[in-house]
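Participant: Before I ask anything, here is the structure I am working with.
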Amino acid sequence: MIQRIAIIGLGTMGPGMAARLARGGLQVVAYDVAPAAIERARSILGIAEGVLDSLGVTSPASGAGTVRFTDDIADAVSGADLVIENVPENISIKADVYRAIDGLIGPETLVASDTSGIPITKLQAHISHPERMVGMHWSNPPHIIPMIEVIAGEKTAPQTVATIRDLIRSIGLLPVVVKKDVPGFVENRVLYALLREAVDLVERGVIDPEDLDTCVSWGIGYKIAVIGPMALLDMAGLDIYKSVSSFLNADLSNRDDVAPMVLQKTNASKFGIKSGEGMFSYTPEQIKALQGERARKLVAVRRILEGRE
Ligand SMILES: NC(=O)C1=CN([C@@H]2O[C@H](COP(=O)(O)OP(=O)(O)OC[C@H]3O[C@@H](n4cnc5c(N)ncnc54)[C@H](O)[C@@H]3O)[C@@H](O)[C@H]2O)C=CC1
Ligand SMILES: Cc1ncc(C=O)c(C(=O)O)c1O
């Protein structure tokens with residue numbers, strides 16, 4: 001049974017994951033190599049907890065869990081039933097973490113990666129007990145989005161998948177077990193198909209970035225939260241899909257490299273909210289306001305989708 005969880009990496013994803021797991025009654029120890037990331041995580045933990053309150057996420061009868069921060073990786077993983085690796089999307093950085101914890105974790109400890117899409121089979125080549133390693137792909141913001149993908153690599157034991165799936169369920173979240181270890185799994189294959197086309201349309205001047213967002217959010221985005229893609233095909237009619245896709249599929253972006261517009265921006269350190277500029281520009285005040293407004297709206301939508309309002 002999973003009771004103690006170590007989170008390695010406290011950037012965009014780590015603090016919200018810590019808050020959500022603790023709310024589920026688990027004992028979380030949170031570690032990052034960068035002291036500034038630990039301080040930032042400490043300061044935003046309370047915000048995530050406030051959002052969980054407004055979502056009505058309660059603790060189990062056994063009581064709320066805890067989050068403890070540490071700057072010592074050995075301390076973080078000591079006694080952990082599960083280690084969730086949450087460091088940047090780079091195999092060599094992730095492999096360094098697996099090597100660092102290999103001799104520190106117990107014989108029963110499971111290791112999960114929150115990778116956005118590196119096949120688990122590739123990651124488990126860097127750990128001595130690959131049967132205990134699994135993909136556990138959260139969606140951002142992790143304290144609000146309930147769906148988590150669970151992915152087995154070639155060497156993952158079925159029991160490891162079952163334990164993580166049951167853990168997710170036991171704290172009121174929604175596990176989706178992906179049946180094949182394909183790059184990007186399912187959520188990001190679908191998201192990146194959409195993002196490739198969206199970036200291409202903006203880059204070619206077909207539409208302005210603000211209008212692209214309006215079109216997608218108030219068109220397919222709003223609809224797809226209620227009617228998933230497979231159900232949408234039936235609602236539109238497969239005959240219509242056949243007619244449109246017969247001419248449209250061939251015209252969609254099929255570029256297999258990163259779009260120049262994205263490269264230009266990342267080369268200039270324009271990463272989005274984390275650097276103050278990306279597709280749009282943000283002042284620190286705007287970032288704070290946006291994050292609050294987005295959390296409020298996501299909470300309200302989720303309550304309605306769950307039939308609670
Ligand atoms: N940003 C997103 O929307 C999502 C990201 N992911 C995935 O989650 C993982 C983490 O992503 P983010 O939180 O966005 O990354 P991030 O870049 O915001 O944070 C990564 C953190 O890892 C720390 N770190 C780097 N090397 C470390 C080490 N050796 N030991 C401990 N900490 C270390 C960094 O100091 C940083 O705080 C990635 O694999 C990413 O693809 C998954 C779902 C959504
Ligand atoms: C752009 C982008 N890339 C990866 C992920 C998750 O792995 C997300 C997300 O969860 O929102 C994303 O927006």
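Cβ atoms here come from the backbone N, Cα and C positions, even for glycine.
As the structure is a computational prediction, the values presented were derived from the model and not from experiment.
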Participant: According to TrEMBL, Gly9, Leu10, Gly11, Thr12, Met13, Gly14, Glu89, Lys94, Ser116, Asn140, Lys274 bind NAD(+); which one of Asp32, Asp166, Asp251, Asp256 is listed for that same site?
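Facilitator: Looking at Asp32, Asp166, Asp251, Asp256, the one TrEMBL places in the NAD(+) site next to Gly9, Leu10, Gly11, Thr12, Met13, Gly14, Glu89, Lys94, Ser116, Asn140, Lys274 is Asp32.
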Participant: What is the total of other Cβ atoms whose distance to the Cβ of Lys94 (NAD(+) binding site) is within 10 Å?
Facilitator: 24
Participant: Looking only at Gly9, Gly11, which of these binding-site residues has the biggest number of Cβ atoms within 10 Å around its Cβ?
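Facilitator: It comes out as Gly9.
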Participant: Mind running the binding-site residues Gly9, Met13, Asp32, Asn140 against ligand 2 and keeping the ones whose CB falls under 6 Å of it?
Facilitator: Asn140
Participant: If you measure from the Cα of His137 (site 'Important for catalytic activity'), which of the binding-site residues Gly9, Met13, Asp32 is the nearest?
Facilitator: Met13
Participant: For a three-state summary based on DSSP, what are the helix, strand and coil counts in the domain '3-hydroxyacyl-CoA dehydrogenase C-terminal' (184-282)?
Facilitator: 63 helix, 3 strand, 33 coil
Participant: So what's the mean pLDDT when you look at the domain '3-hydroxyacyl-CoA dehydrogenase NAD binding' (5-181)?
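Facilitator: PLDDT averaged over the stretch: 97.
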